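Taken straight from TrEMBL:
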{"type": "BINDING", "residues": "Gly176, Gly177, Pro178, Gly179, Thr180, Gly181, Lys182, Thr183", "note": "ATP binding site"}
{"type": "DOMAIN", "residues": "168-409", "note": "domain 'AAA+ ATPase'"}
Amino acid sequence: MSLEATLALLDDGVEQHRLRPLDAAFARFLAERDAQVEPRLLVMAALASRLLGDGHPCLDLQALDVLGAEYDWPTAWIELARGTPTPSPLLAGPDGLPAPAPLVLDRHRLYLRRYWRYECNVARGILTRLHTDETPVEGLRGELQRLFAATPDDAVDWPRVACALAARGAFSVITGGPGTGKTTTVVRLLGLLQTLHLREQSKPLRIRLAAPTGKAAARLNTSIARQIAQLDVDESVRAAIPMEVETLHRLLGARPDSRHYAYNQRHPLHLDVLVVDEASMIDLEMMAAVLDALPPRARLILLGDKDQLSSVEAGAVLGDLGRRAEQAHYGASTAAWLRDTSGDDVSAFVRDDATPLDQHVAMLRDSHRFDAASGIGRLAAAVNAGDARGVHALLASRSTDIAWLPDGAADTPLAVIATEGDADRFASAPSGDAPRGFRFYLDRLQQLRPLAQADHAIYQHWAHQVLDAFNHFQLLCAVRQGPAGTEQLNREIAAKLYASGLIETDRGWYEGRPVMMTHNDYSLGLMNGDVGITLRMPATDGTLRLYAAFPLTRGASSRADEASEDVVRCVLPSRLGEVETVYAMTVHKSQGSEFEHTALVLPEEASPILTRELLYTGITRARRWLSLIGTPASLEQALAQRTRRYSGLAERLDLPP
Ligand SMILES: Nc1ncnc2c1ncn2[C@@H]1O[C@H](COP(=O)(O)OP(=O)(O)OP(=O)(O)O)[C@@H](O)[C@H]1O
């Protein structure tokens, strides 16, 4: 097939919405660079570009048929893309040569060069740390005994195992579902590392804490502060554990309109230990930047839930790293070391095919947030296991923390849930405490409103209280479009709140309007996904004006016009640019947040977005009450459909296929 015919075929693909205009344009760009290029390579490149749009860092040529079926690619494309491409100046080999070639074929994976480089750098950064000398840490055993209560001989205390393994190596992954004690464990670990270090050295370890988003950083900030206060260590040690959690962007010194960071290999971060929470949200590019900026001897500790949705951008780093966490795959020597050091018997988790990475991964298994009776906890576990029968049994039984509305979004009293919380649908708990809807924060907004002449600090406090109250409830959707999508539900809910007299209008900017940033604005210090509430606050001349009030994260950038005790950042709507109303948000955007009451709405029509990971992530955003709005068919679909990201990272880290 001629080049022109191939490009025309790809253009057809754009018209049929199988490719994005960008994908066909990329193929055309390649054809312009090399008139001799094989049609095969052009098709492969367009497909790799298309997959990148869905978060796959590469096109796995061994998976062409599976991908073709999944994406409904024409047979002609698959046939054209089959086989090994012949050498071309546009195509580098696994050594990356020739250097400027925009495509790289590494084993059976075709990459756009940038993503190949990220993947190689991430693998190299991790492998180097896996093979850093694991010096036996003096005193580790004694500290573990002091920090963790004794357990029966054959019991495994997973937080203790995680702590021991993370203290031993320069790289570790601590994964676990919601409330399994990741934060508690890492605070103990930091106490332990700092205690041991201060015994030998006069200067404490330089520890930094970070999270991918402002919301996740703020949440960790709160829980870290609580945990440090409870930690049983010397005051000097306690004082040497940081309480401030930064966003990764801020930690790395992000620059506006640039992919480059102030901290990198040439200007590494000044730290000895870096802890990153909500690591499931870190994409390949960000992970490469983190590893690039880490000094060679610094420890990296990743915390997160491997079963959550992967990052929106390319890669599934935590998913790849934690792929074997369930079975642990410890080697005999790790098991012997643990028995000796932490006293834990992990012999049931020893496997012959143990890899170096496996020895650095620990999974926490017991949720302290959800007890054995908790419907949400059991539902999350059943969803994770793909246990459809268990899911239906749980949903069919009346529960204090789950309400199921099986009729789907179309004819459910969604507006009632959103406004009032719909407590009657839950079996009442002994405490009498009940789920609430949006009326809660809108009532608080009015009831707690300061007097017009009140000073700045009182307005700040009020805005903070309203934001807190807003966080009680969130409506989550799998999709943006359609009757169960965020766009329509946001309109419907605003109309309902207006009809109920809770907001003054449902158009434009109005008091009470919750908004979400849809881009990073470095000058405002606001990041994509940050949520604020529109409030009447005093301007510098004392008049009340509408501002969007965003919670201030310690560790986010501060501005000259803000007092150091400010807890809220107020921005004039005219300065904000693009934002979305956010009564309803997508599950993707809700990662890193939790709400007392979450209502999760599933679409009735089949969607590739509706997966098990999405359902699990949505359910686990609920701390105490979950309203699940979805038909049995949509639940079945979500349970049966897995997200899979094609990537070469696991293989580069020597994990078996
Ligand atoms: N071993 C334990 N025994 C009893 N309670 C615990 C234990 N570990 C943690 N907790 C409690 O369980 C709750 C959740 O712990 P933590 O915040 O450490 O979990 P997490 O995995 O970080 O949660 P999240 O899903 O919110 O990130 C906290 O209230 C904590 O005090």
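Backbone N, Cα and C define each Cβ position, glycine as well.
Structure coloured by features recorded in TrEMBL.
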{"residue": "Gly176", "record": "ATP binding site", "Cβ neighbours (10 Å)": "25"}
{"residue": "Gly177", "record": "ATP binding site", "Cβ neighbours (10 Å)": "23"}
{"residue": "Pro178", "record": "ATP binding site", "Cβ neighbours (10 Å)": "21"}
{"residue": "Gly179", "record": "ATP binding site", "Cβ neighbours (10 Å)": "20"}
{"residue": "Thr180", "record": "ATP binding site", "Cβ neighbours (10 Å)": "23"}
{"residue": "Gly181", "record": "ATP binding site", "Cβ neighbours (10 Å)": "21"}
{"residue": "Lys182", "record": "ATP binding site", "Cβ neighbours (10 Å)": "24"}
{"residue": "Thr183", "record": "ATP binding site", "Cβ neighbours (10 Å)": "20"}
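In the predicted structure, the domain 'AAA+ ATPase' (168-409) carries a mean pLDDT of 91. What surrounds the ATP site, by Cβ distance within 8 Å of the Cβ centroid and not counting Gly176, Gly177, Pro178, Gly179, Thr180, Gly181, Lys182, Thr183, is the set Asp305, Leu364, Ser367, His368, Arg369 from the same chain.
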